[in-house]
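Features reported for this protein in TrEMBL:
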type: DISULFID; residues: Cys153-Cys178; note: disulfide bond
type: TRANSMEM; residues: 12-34; note: transmembrane segment
type: TRANSMEM; residues: 54-76; note: transmembrane segment
type: TRANSMEM; residues: 88-111; note: transmembrane segment
type: TRANSMEM; residues: 211-234; note: transmembrane segment
Amino acid sequence: MACCLCAKYILLFFNLLIWLTGGAFLSCGILVLYKRDLHELFALLSYDSQLVPSFHNVGYVLIGVGALVFIVGLLGCCGSVRESRLLLGLYVFFIILVMGGELAVAMYTVVLGDEWDRSLPNTLKSRLSTYNYTVPQRFEYDLDIVQKQFSCCGIHGPSDFHDNTDYKIYGNRLPSSCCNILSNGICNESDSYRLGCFQIINDNIQLYSKLIVTVGVGIALLELTALIMAVCVCRNTTEEDEFY
């Protein structure tokens, strides 16, 4: 009985942490939807990729996960307080469902990482050959925003534009977004940013990915512990559920 009571309070504590996790997911989802400075980056990376999600989809998924985590935490708290086998059973089911979703996301990330390293840089580089200096389209607009934001030029560097037709027609000049300071309104390669955008973006993503992996492992351990506690409380509950 004492063991069951201890598991009950531990489960309540872990569900409070799960609620905080749900709040973090919701906050991140809302931030993603309304934070405009990264929209162009995601748009640029998803042009020729079937795996890179759109920025809005990432936000909606985070909000959905946050709402689901809140529901799971509510079920866990109510189930442990009432010692309800029904609620605890639903709690265990949804915890397993969430952990299965996290495993699917992890597998998706591995597949995305393989495309990211192998094909995405070359695919984006080939797009630069059709970069239109005079009649910019959506791709040109997004690339210009990313180049200004990250102080970079091209995918691997300024030389990526050497095969561009407009680059040769306009006297080997680069798009104005490749330079911080223009010479007579022209961006010369000698004045351009030296680093390619893909390297800078990749360095930033590698930095944040380590933090995400650490947080993900912590959340998985939290969910696993809550799952074990819920099973313990459920197995030691002898009273039938009464909701009247």
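Any Cβ shown, glycine's included, is placed from N, Cα and C.
Whatever TrEMBL says is automated annotation, not expert-curated.
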Stretch of maximal Cβ-Cβ contact with the transmembrane segment (12-34) [cut-off: under 8 Å; candidates 54-76, 88-111, 211-234]: 54-76
Outside the transmembrane segment (88-111), six or more residues from its ends: residues with CB under 8 Å to it: 51, 65, 68-69, 71-72, 75-76, 79-80, 216, 219-220, 223-224, 226-227, 230-231, 233-234, 237
